[in-house]
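Chemist: So that we are looking at the same thing, I have put the structure below in structure tokens.
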Amino acid sequence: MAFISRSNQWNKARVFLSLPRSSHSALLSSSRLLTSTTEITENPSENPEPQSPETKAPPPLRERFQRGKRQNHHEKLEDTICRMMDNREWTTRLQNSIRDLVPEWDHSLVYNVLHGAKKLDHALQFFRWSERSGLIRHDRDTHMKMIEMLGQGQKLNHARCILLDMPEKGVPWDEDMFKVLIESYGKAGIVQESVKIFQKMKELGVERTVKSYDTLFKVILRRGRYMMAKRYFNKMVSEGVEPTRHTYNLMLWGFFLCLRLETALRFYDDMISRGISPDVVTYNTMINGYCRFKKMDEAEKLFVEMKGKNIEPSVVSYTTMIKGYVAVERVDDGLRIFEEMRSVGIEANATTYSTLLPGLCDAGKMVEARNVLKSMMAKHIAPNDNSIFLKLLVSQSKAGDMAAATEVLKAMATLNVPAEAGHYGVLIENQCKANAYNRAVKLLDVLVEKEIILRHQDTLEMEPSAYNPIIEYLCNNGQTSKAEVLFRQLMKRGVQDQDALNNLISGHAKEGNPDASYEILKIMSRRGVPREANAYELLIKSYMSKGEPGDAKTALDSMIEDGHVPDSSLFRSVIESLFEDGRVQTASRVMMIMIDKNVGVEENMDLVAKILEALLMRGHVEEALGRIDLLNQNGHTADVDRLLSVLSEKGKTIAALKLLDFALERDLSLEFSSYDKVLDALLGAGKTLNAYSVLCKIVGKGSGSDWKSCEELIKSLNQEGNTKQADVLSRMIKKGQGSKKEDNVSL
């Protein structure tokens with residue numbers, strides 16, 4: 001025998017006790033109950049549809065249990081069906097589940113299921129299935145409910161089919177059903193179909209009373225078709241259908257909506273001539289119409305007339321008058337109406353406050369606006385349009401009353417209106433303008449801590465005029481890290497402000513955090529945001545102050561790539577830092593850029609000479625010669641004589657030889673002593689052939705030389721076996737001496 005848990009035993013006992021006493025003996029003998037009283041089959045063949053009371057067999061155990069359950073909890077069954085329809089697709093399995101769940105079908109059950117259904121498609125399928133399956137024949141209420149739902153969901157063809165098929169099911173039409181369809185087509189903007197349905201009522205023999213006409217008037221006037229409305233009004237009167245006060249109210253509303261003042265006034269006179277007295281709705285409509293045309297004197301007359309006829313103005317009446325006065329910039333009269341409304345005990349609503357407050361702000365009546373806001377807070381009435389708070393913040397700040405502006409933010413919290421980044425931005429901006437930076441920083445702390453900027457549902461963003469001043473202040477006062485946190489939140493919302501990013505670079509650089517500055521610089525580079533020269537200068541100086549000339553040079557390269565030209569002092573600082581750090585070649589490359597840009601070369605020639613000397617001393621002769629050539633191309637002259645002298649004195653004969661060859665090839669002007677020094681150094685180093693070669697070039701250029709060691713060079717050449725060179729040199733010297741004598745004789 002299968003194991004039966006205690007919970008199963010309790011369930012069996014509960015079901016057993018809920019049944020009639022006459023059934024106990026039969027159930028005790030049933031092996032099905034011993035196995036499980038809660039077993040349910042979903043096979044339709046084992047759960048036949050309910051039969052008529054005369055022929056149906058006694059219901060099985062589960063059906064009787066469910067029926068008793070439904071009798072005790074009638075609402076539970078409808079909720080269960082709705083939940084099943086919401087969570088499952090409409091399939092045969094779902095249909096069978098609903099069929100098994102419902103012991104008896106009635107119209108209230110179907111109506112409640114339709115009412116509670118969240119998916120319109122499922123509701124429509126349930127409506128059709130329940131009738132086609134023979135479970136129920138829908139009555140007028142279920143048809144009406146389905147038509148209303150389809151109209152709201154704009155499934156108008158389905159609604160039309162259901163309506164027109166009703167007589168075939170034996171359910172008569174009534175006017176209200178056609179009204180629903182006319183209005184649904186109108187809300188969908190299909191006025192032609194609304195008119196066709198209205199006309200079809202007559203074809204189908206459905207009586208058209210003033211209710212149908214009113215619905216049609218509302219539809220066609222909403223779309224601006226006032227001429228059509230007039231034609232159907234005349235048709236209604238010709239058919240003997242008397243217009244009501246509601247009809248005239250609709251017509252007046254529509255004509256004013258279409259800006260047809262004269263037509264509206266004629267209909268108002270016609271209403272009076274028919275003996276229909278206007279009510280508060282009529283007066284409100286007329287007052288609103290006059291306000292649309294900015295005819296406040298006429299509106300005031302009607303307002304007074306209404307009170308004279310003992311028709312109490314409603315909150316709509318007062319609000320409409322306030323709106324009209326605000327529109328024509330007569331805010332004092334609007335305040336008068338507001339005070340009158342309060343004096344007669346009519347409470348202002350959200351629309352009233354939303355109408356009055358912007359007018360007070362525009363008129364500069366900030367004291368009155370502050371009082372109205374306090375009244376709104378006391379009654380805990382939030383306005384319809386939250387943009388009013390922004391207008392209050394801007395207006396109070398513009399008036400210089402920052403305390404009142406701060407109260408606006410408190411009012412928003414009281415009324416459960418979430419303050420957005422734009423609201424904080426207005427306060428921060430104006431606190432900065434008032435030099436109240438400490439208060440601005442406190443507001444910023446709240447803004448950043450709560451991550452208000454990152455709320456994607458907000459639409460009011462912080463403006464550059466708000467965040468740039470506070471970022472600049474923080475960067476200039478040692479709080480760049482806080483400014484960066486703010487701006488990184490702004491960047492997540494797509495902000496790429498050039499001024500803010502450059503301020504961050506400058507701030508980090510001033511605070512001795514050049515790496516942080518360079519990270520901002522790379523962000524700007526990736527996003528294509530222009531970088532300022534001043535920010536680069538501060539970054540470069542920050543790197544140099546930390547003893548990192550290599551990074552300073554990298555920043556300088558970026559600065560030049562961005563199209564900025566460093567000034568002479570910045571070039572000198574970087575070159576000197578690199579030179580002092582022993583990076584002669586790197587300093588040389590920076591010097592080359594300076595020469596190429598022709599910036600401050602003359603002022604820095606002493607530094608240029610040092611670098612050239614260092615390059616030559618280290619054996620980077622070709623690089624040094626390239627720099628000298630670049631100087632010449634840009635109109636500057638290097639002190640080659642001094643360089644030759646230094647190289648000769650320090651025994652750098654090869655460097656001196658190459659430099660002298662370069663000078664001779666370029667026809668640079670040199671002192672004779674420079675030749676002598678180089679030749680002496682070469683001879684002293686035993687490089688006689690090199691000395692011979694140089695001397696030949698000097699003589700060949702016509703640059704005479706009185707080098708005293710010529711005889712010694714000839715002697716050395718002969719001793720080394722270079723007799724040919726010695727002989728050539730001797731003849732060149734003699735020839736040179738002979739030309740000198742001839743010059744002397746001629747003189």
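Yeah, the Cβs are placed from backbone N, Cα and C, and that goes for glycine too.
Okay, so TrEMBL annotates it like this:
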type     : residues : note
REGION   : 39-75    : region 'Disordered'
COMPBIAS : 39-54    : compositional bias 'Low complexity'
REPEAT   : 174-208  : repeat 'PPR'
REPEAT   : 209-243  : repeat 'PPR'
REPEAT   : 244-278  : repeat 'PPR'
REPEAT   : 279-313  : repeat 'PPR'
REPEAT   : 314-348  : repeat 'PPR'
REPEAT   : 349-383  : repeat 'PPR'
REPEAT   : 463-497  : repeat 'PPR'
DOMAIN   : 506-626  : domain 'Pentatricopeptide repeat-containing protein-mitochondrial'
REPEAT   : 532-566  : repeat 'PPR'
Chemist: List the helix, strand and coil residue totals of the repeat 'PPR' (349-383) as derived from DSSP.
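Modeler: Result for the repeat 'PPR' (349-383), in helix, strand, coil order: 26 helix, 0 strand, 9 coil.
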Chemist: Are there residues at least 6 beyond the ends of the repeat 'PPR' (174-208) whose Cβ is under 8 Å from a Cβ of it, and what are they?
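Modeler: Distal contacts: 140, 143-144, 147-148, 150-152, 154, 156, 159-160, 163, 166, 215-216, 218-220, 222-223, 225, 228, 239, 241.
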Chemist: List, by number or range, the same-chain residues at least 6 past the repeat 'PPR' (244-278) whose CB is under 8 A from its CB atoms?
Modeler: 210, 213-214, 217-218, 220-222, 224, 226, 229-230, 233, 285-286, 288-289, 292-293, 311
Chemist: Can you check how the pLDDT averages out over the repeat 'PPR' (532-566)?
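Modeler: In the predicted model, the repeat 'PPR' (532-566) has a mean pLDDT of 91.
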Chemist: From the DSSP assignment alone, can you count helix, strand and coil residues within the repeat 'PPR' (279-313)?
Modeler: 26 helix, 0 strand, 9 coil
Chemist: Within the repeat 'PPR' (463-497), count helix residues (DSSP H, G, I), strand residues (E, B) and coil residues, in that order.
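Modeler: So the counts come to 26 helix, 0 strand, 9 coil.
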